[in-house]
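See structure below.
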Amino acid sequence: MDGAKSGKQCHVCQICGDGVGTAADGELFTACDVCGFPVCRPCYEYERKDGSQACPQCKTKYKRHKGSPPILGDESDDVDADDASDVNYPTSGNQDHKHKIAERMLTWRMNSGRNDDIVHSKYDSGEIGHPKYDSGEIPRIYIPSLTHSQISGEIPGASPDHMMSPVGNIGRRGHPFPYVNHSPNPSREFSGSLGNVAWKERVDGWKMKDKGAIPMANGTSIAPSEGRGVGDIDASTDYNMEDALLNDETRQPLSRKVPISSSRINPYRMVIVLRLIVLCIFLHYRITNPVRNAYPLWLLSVICEIWFALSWILDQFPKWSPINRETYLDRLALRYDREGEPSQLAPVDIFVSTVDPMKEPPLVTANTVLSILAVDYPVDKVSCYVSDDGAAMLTFDALAETSEFARKWVPFCKKYSIEPRAPEWYFAQKIDYLKDKVQASFVKDRRAMKREYEEFKVRVNALVAKAQKVPEEGWIMQDGTPWPGNNTRDHPGMIQVFLGHSGGLDTEGNELPRLVYVSREKRPGFQHHKKAGAMNALVRVSAVLTNGQYLLNLDCDHYINNSKALREAMCFLMDPNLGRRVCYVQFPQRFDGIDRNDRYANRNTVFFDINLRGLDGLQGPVYVGTGCVFNRTALYGYEPPIKQKRPGYFSSLCGGRKKTKKSKEKSTEKKKSHKHVDSSVPVFNLEDIEEGIEGSGFDDEKSLLMSQMSLEKRFGQSSVFVASTLMEYGGVPQSATPESLLKEAIHVISCGYEDKSDWGTEIGWIYGSVTEDILTGFKMHARGWRSIYCMPKRPAFKGSAPINLSDRLNQVLRWALGSVEILFSRHCPIWYGYGGRLKFLERFAYINTTIYPLTSIPLLLYCILPAICLLTGKFIIPEISNFASIWFISLFLSIFATGILEMRWSGVGIDEWWRNEQFWVIGGISAHLFAVFQGLLKVLAGIDTSFTVTSKASDEEGDFAELYMFKWTTLLIPPTTILIINLVGVVAGISYAINSGYQSWGPLFGKLFFAFWVIVHLYPFLKGLMGRQNRTPTIVVVWAILLASIFSLLWVRIDPFTTRVTGPDTQKCGINC
């Protein structure tokens, strides 16, 4: 019965409540071809003639259907009403069905989410809210700060007047305690909705005018003026030219692609093709012309060159069609955030992860949190979750101090629109801070705020100093109870809400975004999956407490540098034509505190400004681990809406035949049968959730229970969380109480929650590699999602990078080990996901991302070859003719031309490009090499490698003191050895040439060039070994002496100074020989 009712929703006009009716061809009338929002013919005609001319739901301009009179602004081809949308957007009936299931699963009697039955009743009563984020449609339960035994700031639900009144503040020095597993006992329920009667009045007025009368304000009606044409605009309507221009602007796209100009990209592509041809000819020459007296060296070099060619192809061709993108924040504001109206922007949950406060200073994390709380976004749409995977009381106390300082910092940022909104970096700027500031009070307020921040730093640093010495009995909280996280490997889950709608106001009486501390449960014997497990715990907690439609994840040292960063992302995610197919929006990583020359290529500009822009022209950039805004639906393992193919050229010329109902059903069945072509790419469709229920209706409790069990098997044993996954536009159940939500939040971060579920395999951050970001993005792309690369003029986020050589190499080692783990796993892009929706060149990029550490082996051999050639007097290339030399010269010219043209279209400087080339060699013969062997040990022998968190401590000993600090690590051994070998080889080669005469200098130049190529690439490494005072550390001196001794013995064995002249045997020739 209810299933039939859900199907009938599409037959009822959502404006006036009348039947939708049929079109001229006898089928159901569809006003909007994009979203299918049910509107009857009279309402459609009224909207086109006297209204906004756009769909009330998706804001798409209405096309003229057959039989409709033309109006001003109609396009010449707007007469075909049969054009289908590119995307199968869900209809209102389907959405209603999903939310009914969600509510029934939770309480069997709930009304929440975007329920079209409720919407219909609102229309009947003259109250219509926004279909997505209106407060009456998708309620957002506000969890107050939770203490150890009670809920502070409880909001009674007896009267609507008290719904939003915050009660009780956290004292300045009296820090709250986290909720562990104590059940508070409040009960409250939110109700109410926002709406207006504008649509109802306008539609009623149009109908009365159509009958010959115009309604007046007092309810009476008058006859229309005689002689007025049907197409004239009535003077009584509120439609005017300004509204027309405004509505036209809201229908414009929120972003657009900006292709690279043909004058820059076409020469680049031509050189790539020419380089590929030259490379093939060069390899053919090398293979067919062996060196007879140095066959092993020749064979080794040819194998290395073939591998380099393959690696170049995998890296180069995904950059074939790079693009830029532009966003239009003014259009976003016109469509979703008009001044004086409730904001309709989507809610966003922001995740910040930290582990060790000794290596990730609390002050750094505090600056990140403060920049989030001060972001330019509606406060009721932002929630910040801080994951403390180390369960440190220091982090908890520092977060409490941060929440207090935020009450002063946030209003200061918003009052004067300062950038950036991380106080440490704002006050450290060496700029004219009075520029563009017209308020007379700014200087005074800025001075006072700087003083407040210095006091805040003193308090936080005092906490850090106190935490250096851990008491024998463990840390004690202010109420005398032991800190639950004293044992970091065995502690319960903890949640504390510091800020929010009932957690106190700022100094100007405004609400602050929600700030939540989360530490997931840890017990011995359970696999916790490091950062990926912590992120999945945050996904579940946020779904239970706030359920924002989108998620932003940041490392604790990456602060928001552009306060409009979330709005930039919403220009893609909330775009009606693009957003539903986007799994995430990735921002480039930018860094502070890097030396001017960027000695170790920390900025990684080539990757962020060239490679990722190239991928954006395909299926989108890879996920790089931070600065990424996710679509929550994509993280839940669902597939994107299916994009239908447009009719072909000949069918459009001949006129496409309209599909009958039978043919439509047939094609639908065909699509369903071919939907899961490859069993290795599991994809879930939102429509699959209703399986077993649609046929029997909601009265069949058994079918509903079976569906709930299947969902709990996938998402875990939490009815509240399962219900939240069905709410496509976010929000939490309206009838849920803070007590029940808190219990569920504690439950979903328990260490055994993920057992026998799809978490980490198909849902959330994917397990199986220390670089969980690559796996997570790859799974989404394999399901058919696309990602977006957003590069605003002002960098969205900035972070810190390890400028010390040893720390930098350890960071690269971790990334490379993750790639090796993926290479030997079932998720390897070489064989995973065929038959899915991953584009061919996108697969190329992922293959390159996983196999690049293997390049370290041929690179190491190729760097040793120059020294061997110089010491033995042999070479890897035979004596070449003038014709053969053309191909060598052509290859070198094509390599340089590719780099130059790449820098030309991307804007990357030659110094950045060269630093990237140098560190490719340094990292390749050190970190990548170790990663290959450690990965093989882990896969074959099960020997796991533990990694320490990269230190993010601030530089307190002077500018770039960390850069010159020498930290010994085994990763330094291979580059040091290769450097010494080549230097010895150069000396030996020159000595041999001096003693052998003029004719030996010709072949020597090729060998010396080869050796200097290696030494020049290792020059930053050599500077790193020398330190600030250009004094080589003792350990390096010892290694140099040891290696020099080895090669001295080798030198004596070869003895290049001995004259090697062969002649006749004197015993055979005699004295007259």
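Here the Cβ of each residue, glycine as well, is placed from N, Cα and C on the backbone.
From a predicted model like this one, the values you see are computed outputs, not experimental measurements.
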Per Swiss-Prot, does Q619 fall on the same side of the membrane as N916?
yes
Which range of 443-470, 555-582, 891-918, 947-974 is coiled coil in Swiss-Prot? It is 443-470
Check Swiss-Prot: it lists K359, E360, D389, K530 as binding UDP-alpha-D-glucose. Then name which of S353, S383 it lists for that same site.
S353
Counting every protein chain present, what is the number of Cβ atoms, excluding its own, within 10 Å of the Cβ of C13 (Zn(2+) 1 binding site)?
23
With the cut-off at Cβ under 8 Å and a gap of six or more residues from its ends, the chain residues touching the topological domain 'Cytoplasmic' (904-918) are 260, 264-265, 268, 322, 597-601, 603-607, 609-610, 613, 1016-1020
Closest of the binding-site residues to S353 (UDP-alpha-D-glucose binding site), Cα to Cα, picking from C13, C16, C40, C43?
C13
Same-chain residues at least 6 positions away from D389 (UDP-alpha-D-glucose binding site) with a Cβ under 8 Å from its Cβ, in sequence order, are S353, T354, V355, S519, R520, K530, K531, A534
Determine how many residues of the topological domain 'Cytoplasmic' (904-918) DSSP places in helix, in strand and in coil.
12 helix, 0 strand, 3 coil
With the cut-off at Cβ under 8 Å and a gap of six or more residues from its ends, the chain residues touching the transmembrane segment (883-903) are 264, 267-268, 271-272, 274-275, 278-279, 281-282, 285, 289, 316, 319, 610, 909-910, 913
Want to know which binding-site residues, from C13, C16, C40, C43, are within 10 Å of E360 (UDP-alpha-D-glucose binding site) at Cα; which are they?
none
Need a quick answer: max count of Cβ pairs under 8 Å to the transmembrane segment (1002-1022), which of 271-291, 294-314, 857-877, 919-939 is it?
857-877
Per-state residue totals over the topological domain 'Extracellular' (878-882) - DSSP helix, strand, coil
1 helix, 0 strand, 4 coil
DSSP, reduced to three states, assigns C43 (Zn(2+) 1 binding site) to helix
